[in-house]
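Engineer: Pulled the feature table from TrEMBL, pasting it below:
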{"type": "TRANSMEM", "residues": "12-30", "note": "transmembrane segment"}
{"type": "TRANSMEM", "residues": "50-71", "note": "transmembrane segment"}
{"type": "TRANSMEM", "residues": "83-105", "note": "transmembrane segment"}
{"type": "TRANSMEM", "residues": "117-135", "note": "transmembrane segment"}
{"type": "TRANSMEM", "residues": "156-176", "note": "transmembrane segment"}
{"type": "TRANSMEM", "residues": "188-209", "note": "transmembrane segment"}
{"type": "DOMAIN", "residues": "192-288", "note": "domain 'CAAX prenyl protease 2/Lysostaphin resistance protein A-like'"}
{"type": "TRANSMEM", "residues": "221-240", "note": "transmembrane segment"}
{"type": "TRANSMEM", "residues": "252-270", "note": "transmembrane segment"}
Amino acid sequence: MMEKTGTRTGAAWGILFGGLAVFVAAPALLLATGHDTIKPSADSAKELSLAGALIPALAGILLIHGIPLHAPRLLPEATDRRILLRQATTLALIAFLWPLALFVVSEVGYSALVRDIWALAKPLVFLVLPLVLLRTPRPDPFLLRHMWRPRQTWQWLAPIPAVAVFGWLSVLGPLAPPLPSAEDYPDPVYLAVGATLTFFTANVLEEVFFRGMLQTRLEALFGRWPGILLASLLFAWLHLPTHGQGSLPLTLGAIVAFQGFFGLFTGYLWSRYRNLWAPIAAHTAMNTLPLLLM
């Protein structure tokens, strides 16, 4: 069943305006302080222009909005909002506390440990733990089984322009960073293992958790855009331990401008089409496609 979100609550309006303020302020403050380029990650020697981070996401959002002009809101109906709130709160706490714990560990001198466990711990934190905690109620209207195989043809075809344009602008467009070279990854075995691990723990698992599990419930509670904004900010927060830019304020601004806007794009992809393969494809274009083209 489809659920109409209805009149927004005070909390929903607060999330909407607060989230919008953060997404406007972050790039504005980066520009105002002379930081018009950012590092995609803490260990990257290459820099990406702020425009190169924002324009692909914004272009993709415009295409999602226009294709198709009218689309049903494919949101499951919440039979018990108290259970829904408890589930959403549980997932949001996981999304907030795990990166915070890793950031603290990194700040006290164990950044190498954080890098070592970063990808390997994700399946436990973002898949096993949520599935254990969300075992009730049964049946759960927000189970993802049906989201892996959308039944309507338009759910498969409509996302293609947005994902294709986003991928081209991000990887090959005039504002895209240089493609990696063989010198960056001299060991092909290391490259293959790393790319495979990234595909499953980032491209797939992050979309399952942040879009499929978390955002869906936030949308059911607060409406489409408050849900997308809050999930995108938590997705940006995920990158706090590994995408440091020097100072904490600069890091926070950078992860909102880079990962946060990417989260807005993939979040809208998920919200409009309810086809989890669409945000996974966008995530793969961002993380994996450059390695295939090197």
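Note that Cβ sites are derived from N, Cα and C of the backbone, with glycine treated the same way.
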Engineer: Quickly jot the same-chain residues contacting the transmembrane segment (252-270) by Cβ under 8 Å, restricted to those at least six beyond its ends, or write none.
Structural biologist: 22-23, 26-27, 29-30, 35, 38-40, 48, 50, 53-54, 56-58, 60-61, 64-65, 159, 162-163, 166, 207, 210-212, 215-216, 227-229, 231-233, 235-240, 243, 245, 276, 278-279, 282-283, 286
Engineer: Using Cβ distances below 8 Å and needing 3 or more such pairs, separated by at least 6 in sequence, tell me whether the transmembrane segment (188-209) contacts the transmembrane segment (12-30).
Structural biologist: no
Engineer: Are there residues at least 6 beyond the ends of the transmembrane segment (117-135) whose Cβ is under 8 Å from a Cβ of it, and what are they?
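Structural biologist: Distal contacts: 87, 90-91, 94, 98, 102, 197-198, 201-202, 205-206, 208-209, 213, 241-242.
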Engineer: How do the residues of the domain 'CAAX prenyl protease 2/Lysostaphin resistance protein A-like' (192-288) split into helix, strand and coil according to DSSP?
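Structural biologist: Each residue of the domain 'CAAX prenyl protease 2/Lysostaphin resistance protein A-like' (192-288) counted once, the result is 83 helix, 0 strand, 14 coil.
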Engineer: Can you give me the average pLDDT across the domain 'CAAX prenyl protease 2/Lysostaphin resistance protein A-like' (192-288), rounded to a whole number?
Structural biologist: 94
Engineer: Short question: which residues 6 or more past the ends of the transmembrane segment (156-176) have a Cβ under 8 Å from it?
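Structural biologist: Residues 49, 51-52, 55-57, 59-61, 63-64, 67-68, 71, 150, 265, 269, 272-273, 275, 278, 281-282, 285-286, 289-290, 293.
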Engineer: Should the transmembrane segment (221-240) and the transmembrane segment (12-30) be scored as in contact, given a threshold of at least 3 Cβ pairs under 8 Å and pairs 6 or more apart?
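Structural biologist: The transmembrane segment (12-30) and the transmembrane segment (221-240): touching, yes.
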